[in-house]
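Record features, source TrEMBL:
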| type | residues | note |
| --- | --- | --- |
| DOMAIN | B:69-257 | domain 'ABC transmembrane type-1' |
| TRANSMEM | B:20-39 | transmembrane segment |
| TRANSMEM | B:75-97 | transmembrane segment |
| TRANSMEM | B:109-129 | transmembrane segment |
| TRANSMEM | B:135-157 | transmembrane segment |
| TRANSMEM | B:193-219 | transmembrane segment |
| TRANSMEM | B:239-259 | transmembrane segment |
Amino acid sequence: MSTNPTAPAVRLDRVGKVFGGTHAVRDVTLDIRQNEFFSILGPSGCGKTTLMRMITGFEEPSEGTVELGGVPATGVPAHKRDLNMLFQSYALFPHLSVADNVAFELKVRKLRPRAQIGDAVREALALVRLDGYGDRSVAQLSGGQRQRVAIARALIGRPSLLLLDEPLGALDKKLRAEMQLELKKIQREVGVTFVTVTHDQEEALTMSDRIAVMNGGRVVQVDTPEGVYERPASRFVASFIGTSNFLSGTSDGRVVAVEGLGALPVPEGGAVGEAHLSVRPENVGVCGREDQVPPGHAALRGVLQQSVYLGSAVRHHLTLGDGGTLVAETSSADTAGLTAGGPAWAHWRPEASRVLTE
Amino acid sequence: MSGRTRLTGRLPDTVTAWLARGVIVFLYVPIVVVVVLSFNDSDVTYRWAGFSTRWYGVLAQDTDLLSALRVSAEVGVVSATLATAGGLLAAMGMGRLGPRGRALFSGSLFLPLVIPEIVLGVALLSVFGTLKASLGLTTLVLGHLVVTLPYAALIVLGAHRALDPALEEAATDLGCGGWQRFRLVTVPLLKQALLASWLLCFTISFGNIVMSTFTSGVGTTTLPLRVYSLLKTGLTPEINALGTLLVLFTFVIILGAGLRQMRRVLVGDGTD
Ligand SMILES: Nc1ncnc2c1ncn2[C@@H]1O[C@H](COP(=O)(O)OP(=O)(O)OP(=O)(O)O)[C@@H](O)[C@H]1O
Ligand SMILES: [Mg+2]
């Protein structure tokens with residue numbers, strides 16, 4: 001397949017997939033740029049794997065079209081697509097040695113003369129820091145090593161796109177953190193577009209250039225990690241990525257009036273009408289008296305239920321006047337003058353809050 | 001006494017061990033007896049009259065028995081190969097069916113397992129009769145296929161189902177078309193199951209009497225049929241000599257390749 005270097009690596013246009021009458025993926029339109037590290041993030045069952053399988057060609061979309069590098073992929077069988085996939089189970093061939101696994105694509109696609117395959121395999125294994133492991137059998141490797149072999153095998157043919165389905169799902173926490181950085185480094189080194197699927201928001205935030213957040217088969221927001229975190233487009237995104245406090249009320253574009261709590265200033269130019277004010281716990285300060293609230297801050301009076309020491313921060317749970325709760329996280333130094341069961345004021349800069357209509 | 005500390009209701013380990021030994025002896029004593037009696041210098045199998053290898057000489061001259069052996073070997077090889085190939089095809093085809101078709105297909109594959117062989121034999125004979133097919137090697141092979149195919153399908157389908165479906169997808173992803181994927185990934189991954197299936201089908205075919213009775217023709221008498229008919233005229237140690245050679249042959253095969261794979265597939269004792 002000849003591809004256009006300036007076209008997006010992947011273009012999905014109103015793509016949908018129906019399984020037995022229900023939509024697993026619905027109306028997804030999105031571009032994945034060349035050489036970016038793109039993540040698809042969403043809760044279990046939201047259609048991430050299905051979306052990815054339509055890009056690889058293992059599933060044909062029921063609706064819409066997929067373009068790869070500017071070329072329509074409709075009808076192009078999976079084995080003819082210029083992309084590779086990293087399977088969640090790694091799918092290493094148990095009957096082949098590490099080197100033969102890695103060399104597999106070169107032999108099948110006849111990408112290199114036989115004499116050069118050995119060098120290419122050594123190079124690919126060096127990329128994933130497994131020099132000298134070529135003669136091992138796959139069964140002799142640890143989980144992390146298997147994954148590295150799978151990465152080497154997927155990258156040896158220099159695909160223009162690598163799709164990774166929950167690449168770190170099977171690893172323990174420490175190895176995960178290591179591999180997150182490693183994957184990012186490999187991606188920069190080889191300059192291949194990476195598309196990963198994950199339901200781990202921290203993983204998506206650490207690794208990605210951009211993130212598509214999915215829910216119920218739809219892509220609900222596409223943005224940079226900072227964008228989806230700081231400027232969530234909906235209540236779902238605000239609560240799925242990190243945690244947020246929500247206060248429901250009516251917005252006039254300058255303040256949100258919350259019944260029973262009063263009017264809270266919000267950033268200018270926000271939505272008007274029924275809305276949710278969303279604010280992250282780490283942006284909320286807590287103090288014991290109203291006169292300690294910094295000028296210009298939105299403030300709410302409540303009762304401090306408890307403060308939990310988290311090491312680097314303290315998390316305060318407040319009960320508000322309308323019976324709802326609000327969570328604030330402050331640095332440990334700010335706890336003076338607060339007692340559990342006593343009155344407390346929660347406050348935040350209006351710019352740190354968001355007005356969400358859905 | 002350890003009886004007090006072991007109140008789990010299990011047999012003491014020593015008893016279990018002796019039981020196991022007893023079972024092994026029970027299984028292997030007949031084989032030892034056959035081997036010993038094949039060197040018996042007597043005209044009847046059951047009375048010992050001194051050591052001799054003369055029955056091996058008699059066997060070497062017995063064209064009837066040897067041609068029956070040849071028929072059995074040929075039918076065994078052909079039907080084991082066809083049955084195993086059929087099992088592999090069934091496994092491949094199964095993947096393309098929906099859940100309903102799959103249940104129907106595997107049900108019809110395994111049905112012959114629960115139909116008495118004699119019924120199948122009668123049925124097949126009627127079919128051949130209707131088609132006016134003359135009984136011979138072809139009908140014999142077809143008959144044995146009816147018997148062996150379900151076993152082959154059972155083994156190969158089971159092994160294929162146990163494979164991670166991502167393995168075949170990975171092959172496709174790495175550039176394999178259908179045939180390459182089959183040759184480079186599916187078959188190597190199923191190698192042990194295919195071997196086990198072949199050996200089992202060969203053994204079943206080689207020892208089969210009931211189906212052979214219905215489907216063999218003039219000049220295609222199989223070894224079991226021949227031995228069975230000898231039973232009426234009186235067995236000589238020649239049969240023991242033949243039995244000894246077959247046991248030897250089986251041991252060579254099993255020790256050479258089969259045992260580990262066979263156990264792995266049938267018992268699921270996967271060590272890889
Ligand atoms: N082959 C299939 N046949 C029928 N339904 C399917 C099939 N594949 C997926 N689905 C359904 O489509 C929906 C989305 O599945 P998908 O595997 O894409 O989710 P996911 O986001 O990858 O979830 P997870 O995080 O658990 O892997 C699910 O409801 C699932 O049951
Ligand atoms: Mg998934």
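We number each residue from 1, going along the chain as drawn.
Note: Cβ is positioned from N, Cα and C throughout, glycine not excepted.
Between the transmembrane segment (B:239-259) and the transmembrane segment (B:20-39), the number of CB pairs under 8 angstroms, six or more residues apart, is three or more, so the stretches are in contact.
For the transmembrane segment (B:193-219), same-chain residues at least 6 beyond its ends with a Cβ under 8 Å from one of its own Cβ atoms are 71-73, 75-77, 79-81, 83-84, 87-88, 117-118, 120-122, 124-125, 128, 134-136, 139-140, 142-144, 146-148, 151-152, 155-156, 158-160, 187, 225, 228, 253, 257-258, 261-262, 264-266. Residues of the same chain lying 6 or more positions beyond the ends of the transmembrane segment (B:135-157) and with a Cβ under 8 Å from any Cβ of it are 71, 74-76, 78-80, 82-84, 86-88, 90-91, 94, 106, 109-113, 117, 120-121, 124, 128, 190, 193-194, 196-197, 200-201, 204-205, 208, 211-212, 214-220, 222, 265-266. Remote same-chain partners of the transmembrane segment (B:75-97), defined as residues 6 or more beyond its termini with a Cβ less than 8 Å from a stretch Cβ, comprise 105-106, 109, 137, 140-141, 144-145, 148-149, 151-157, 159-161, 182, 186-187, 190, 194, 197-199, 201-203, 205-206, 222.
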